[in-house]
There are 6 protein chains.
Amino acid sequence: MRPSGRAPDEMRVIDIQTGFTKHAEGSCLVSFGDTRVLVTATVEERVPPWLRGKGQGWVTAEYSMLPRATHTRGQREAAKGKQSGRTQEIQRLIGRSLRAVTNMEKLGERQIVLDCDVIQADGGTRTAAISGAWVALRLAVNKLMADGKIAVDPIESKVGAISCGIYQGTPVLDLDYIEDSGADADANFVLLEGGKIAEVQATAEGATYDEEGLLRLLRLARIGCDRIFAAQDEAVK
Amino acid sequence: MRPSGRAPDEMRVIDIQTGFTKHAEGSCLVSFGDTRVLVTATVEERVPPWLRGKGQGWVTAEYSMLPRATHTRGQREAAKGKQSGRTQEIQRLIGRSLRAVTNMEKLGERQIVLDCDVIQADGGTRTAAISGAWVALRLAVNKLMADGKIAVDPIESKVGAISCGIYQGTPVLDLDYIEDSGADADANFVLLEGGKIAEVQATAEGATYDEEGLLRLLRLARIGCDRIFAAQDEAVK
Amino acid sequence: MRPSGRAPDEMRVIDIQTGFTKHAEGSCLVSFGDTRVLVTATVEERVPPWLRGKGQGWVTAEYSMLPRATHTRGQREAAKGKQSGRTQEIQRLIGRSLRAVTNMEKLGERQIVLDCDVIQADGGTRTAAISGAWVALRLAVNKLMADGKIAVDPIESKVGAISCGIYQGTPVLDLDYIEDSGADADANFVLLEGGKIAEVQATAEGATYDEEGLLRLLRLARIGCDRIFAAQDEAVK
Amino acid sequence: MRPSGRAPDEMRVIDIQTGFTKHAEGSCLVSFGDTRVLVTATVEERVPPWLRGKGQGWVTAEYSMLPRATHTRGQREAAKGKQSGRTQEIQRLIGRSLRAVTNMEKLGERQIVLDCDVIQADGGTRTAAISGAWVALRLAVNKLMADGKIAVDPIESKVGAISCGIYQGTPVLDLDYIEDSGADADANFVLLEGGKIAEVQATAEGATYDEEGLLRLLRLARIGCDRIFAAQDEAVK
Amino acid sequence: MRPSGRAPDEMRVIDIQTGFTKHAEGSCLVSFGDTRVLVTATVEERVPPWLRGKGQGWVTAEYSMLPRATHTRGQREAAKGKQSGRTQEIQRLIGRSLRAVTNMEKLGERQIVLDCDVIQADGGTRTAAISGAWVALRLAVNKLMADGKIAVDPIESKVGAISCGIYQGTPVLDLDYIEDSGADADANFVLLEGGKIAEVQATAEGATYDEEGLLRLLRLARIGCDRIFAAQDEAVK
Amino acid sequence: MRPSGRAPDEMRVIDIQTGFTKHAEGSCLVSFGDTRVLVTATVEERVPPWLRGKGQGWVTAEYSMLPRATHTRGQREAAKGKQSGRTQEIQRLIGRSLRAVTNMEKLGERQIVLDCDVIQADGGTRTAAISGAWVALRLAVNKLMADGKIAVDPIESKVGAISCGIYQGTPVLDLDYIEDSGADADANFVLLEGGKIAEVQATAEGATYDEEGLLRLLRLARIGCDRIFAAQDEAVK
């Protein structure tokens, strides 16, 4: 039995509130249960130095946790003077995931920065961030197309992400904080429409799993991402 | 005429949504028009090193602007590796303002950290932060009292803050971003109930003002803070 | 009775020794009693990036305290690897104060950097720094004019600064360290010739004050700044 | 055809030279073809603060690339003043991988630090580092047991790691630099004896892959890790 | 002919003004011609962690150049966020030089920090700093002895330092900035009473020198240090 | 008697293994007994900003100690976020030493970076680094000449470095770690062919020495450097 009473393949309630801030070209507040992440997409009419003059764009991401998004307060990274390894690992993952569905030639020589700030954390902040970042990116690109700055849609698929894990011997979908802390193994899947895999990060803490276990988690992730794709569709409609 | 059409002594709509995050001992999302700041109060059962064993508590604050809270994206301070002078100046002001209404002996040997994160900026973020921080502090102290950890209420007054300025020759209350950018002079006032002054920071950019001008801004600030005190009362009721 | 035996409206002895270092375009060692600050003005024939090509100049300031300027040794900021919030707050104030009296178009596309290094601290280091910085700026601008690089004097007024406070119930002028540590409230005023206000920073530590109290401090500050203006005149004669 | 002429399931030559440095409790220079990593294991008779007094040990890792390990010189991280996101991601992975095979109670209240310094890079530095780190750890633990400091062997399995990828449509084992740069997708697998999975990090750059593709890579990784386990056995014999 | 008109073995005028700041336990403003360094000695009743409980003291130094001590303004190290290699090299040299004449057991378990801040630079700042630091140390130790905290004098010799170099083929003593910039080779000597050598740092820029050349510089340094010892005696009398 | 049983003027075994890494334009692993340093020379077709367009090149060096090169593990400088004063002092010395034998006009507008990474430390790491750096530089320049990029050899002499010291009253050559820790005085000499002096850094820890002592060390250094020059010749043959 899961602490939340959910069935093993049951997601938390997904909520995506678009237009959460007025300045950003795209934005949403995405919730997976009590996990809430504010994502903004900023369009910049320039690219990183190593891409200049190559006729293609770039999509990148930054991630941060507000100090009291968690049970106990964490020190502010700006005050510490550096981003943790965890933060950097996550923002690199978010960036790669969104680049996996963006055609950089069609985007043109501009950069879209996705800022993912965790307002409240209850497990799965990186996967909620990726799922919400797609919505913010979609809205920003819609705006670029409406403004006539992009002719052909550079977004080639939806992308969603979800965590799965083995909790007390049972593979479960969409771990919350309690499950995450006690899971024998957990994996984050970044999937595209049609179930194609963009990224898998599977870690066995203490335990290990076999090929069959990995596949069962992957299948759960497919169920979850179908739900996420539906919520994304609904949000940007 | 003000760009927003407001009268010179008219505040923007104040909205204070308490309990915005579930982990913090006190929290609110405070809005002054389009300026929105998330404030959380964290109670820590320890004090800074220099206060240990002295039988008194401490109240401190941290402030940050989300990268896309503003018209154009600002670089993330955690990525730059340091907090700007502006950030430090503001968080020192917030801390002093809240300490001005807290009796540290009654608080006992514990620290309350007020994290003020600007979700959206449209002028007056520091004053909104102070005004909201009082609400988060009040809620956190209420919880300490309900839990029997504090016997006598250490909060001695409400505290509110508001900016005033001289915009196109006219003293106006509660400047928004457009007014703030074009003001001849602006001042932030931190006031207590009964109109007592905790802090004044008045700056004349380009122009200067005289004693009479300063007094007219102070009187506007009194009007504004009375509105803030009412909104605070409503929020914590 | 003040610890120093001074009358409430009595300043400490002001001494401004110009030409204290030979390399700087302008320099002075300014003393307010035992508070001594070395100020140098450096003329740079370039402006910050955001001002390039706009036909105007810039005046900025940096502030630092030598490690043993104080009763006990403070850690060197260069060794700590960052400037404190206090340092940044003060150097921003000094820069704003000097910009308030400088016409940037007349200065032309060049920058003047005012370095204020506190040799010995006994209260009022930031106000002494502002008062001395005007002298260093004046000397550097005189040199630019003598060299034919500037045609019309860009300095539009003298500017001085002084701290006032309420010490044991009495408003007093020019607080020394002992008074500063024990004051109920203190305020720094940056004033121009004719008594116009460039900046007010008033803080009530523990106590608060009312409109009348603030005005009494402002009037003391006027007395003090008149003395400062006379000393500045004497120094640059 | 692979650029190196290897068969799809053919590893590069593995060489593990133990005792490469005389001070460390365990050390080796591990080579996978032209990729060479120096690993040292340091035993410290203390644990991180959050583990003190819990009767268990810790295993952690640090990773670095010498500036000219690569085709063009990279800036030294010590000179830049911070470790890159990539470095932190890799050293976190190495630490988790070795912890997956270490019983922390049996290790006792001490820490083993695995320093992995890349002398020469030709693809697969992180997987070579993990594979070599096991050898250094094994040697250090052997020494602790020989010295009578540990009674029961805390190492529960060998652990190896290898990268696989899809190169020009074909799944291949143990990518070198040329393959790595041109691969459609690549994955790093950390496996235990018996083929159990400790960690999977699979990324599709540009392309994506399906469940079948992921499985084919996993099966290649099993072949590779069996070779690694044999080399580890040989090295510590 | 030297640019200053001095004879090859002629020092610049040495001036040592003691008691330059009132807070430090010892202080002086030392001038070698136009080179001026403010040195303060701070007594701290604690030692660095690695010396605790060993019954001996420590002497250490910090060095900094005010931004406009030089012909053109240098960036402030506190603003850059780190001390340069040059700064660290110099402060390590100053510390070693003073430790060479201090008996750490007699000093007792306390630390003396020598802060050397260059007010104006005209060549030879590090040697002026060492020579002045001895005076500040002497005064601080005198105070400790007068206060009855130290029974037996821990200072075993005077120590002085001077630069010599080969300028246009001629060995010269006490290089000023112009000579220093154009010298073929220069060396800093730290000498004790009786001509004993504590430290030699000789560098040939472009040229090189032979044994005889090195000895000629050493003999000049002896002449210079005798002058310095006399000035130190005069200063602390 | 020396702990190693060597005669006072006896060097440790020198071994220089060239071509240790395949990417660098020049490289070697240099050993002086158990001290081993990996040196790579990187040719960059650009110069530092302050040399651009002047028709001359630059030679610079970086130095680092692997964390477990020493008896006990040292913290990684990249993790600490800054290079120590010792590291900076050493890399400045290495750079100066190699520049002393390089004609910058003949090198042409390019930079050669010498990375010296200490694999194992047993005294004399900086002098081994300089001696090995000459070999790596020689190989890189040979390659530039073979590629027709440089017409006239810019290397004007060999350069070697060795430490000498007074150990238990006897001047000895090439100190190992045990001798270095217990020496009364030690000196590093950087010499050119023909015995010319490029640099002397002599420090008396605790003791001091006189002119005669310094000369005796210099003569030992000559013996050592002749051995080093022979080993360099052998290595690059």
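Here the Cβ of each residue, glycine as well, is placed from N, Cα and C on the backbone.
As written in TrEMBL, here are the features:
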- A:10-140: domain 'Exoribonuclease phosphorolytic' (DOMAIN)
- A:R86, A:G124, A:T125, A:R126: phosphate binding site (BINDING)
- A:159-222: domain 'Exoribonuclease phosphorolytic' (DOMAIN)
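Location within the structure of each feature annotated in TrEMBL.
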| residue | record | contacts (Cβ under 8 Å, 6+ apart) |
| --- | --- | --- |
| A:R86 | phosphate binding site | none |
| A:G124 | phosphate binding site | A:F32, A:T35, A:I162, A:S163, A:D174, A:L175, A:D176, A:D180 |
| A:T125 | phosphate binding site | A:T35, A:V37, A:M65, A:A69, A:I90, A:V118 |
| A:R126 | phosphate binding site | A:Y63, A:I90, A:L93, A:I94, A:A161, A:N188 |
Beyond the site residues A:R86, A:G124, A:T125, A:R126: chain residues whose C-beta lies within 8 Å of the centroid, for phosphate: A:Y63, A:I90, A:V118, A:A121, A:G123, A:T127, A:A128, A:A129
A:G124 (phosphate binding site) - helix vs strand vs coil (DSSP): coil
Pairwise Cα distance maximum in Å, phosphate-binding residues per record: A:R86, A:G124, A:T125, A:R126: 13
For the domain 'Exoribonuclease phosphorolytic' (A:159-222), the number of residues DSSP places in helix, strand and coil: 21 helix, 30 strand, 13 coil
Tally of DSSP helical, extended and coil residues in the domain 'Exoribonuclease phosphorolytic' (A:10-140): 42 helix, 41 strand, 48 coil
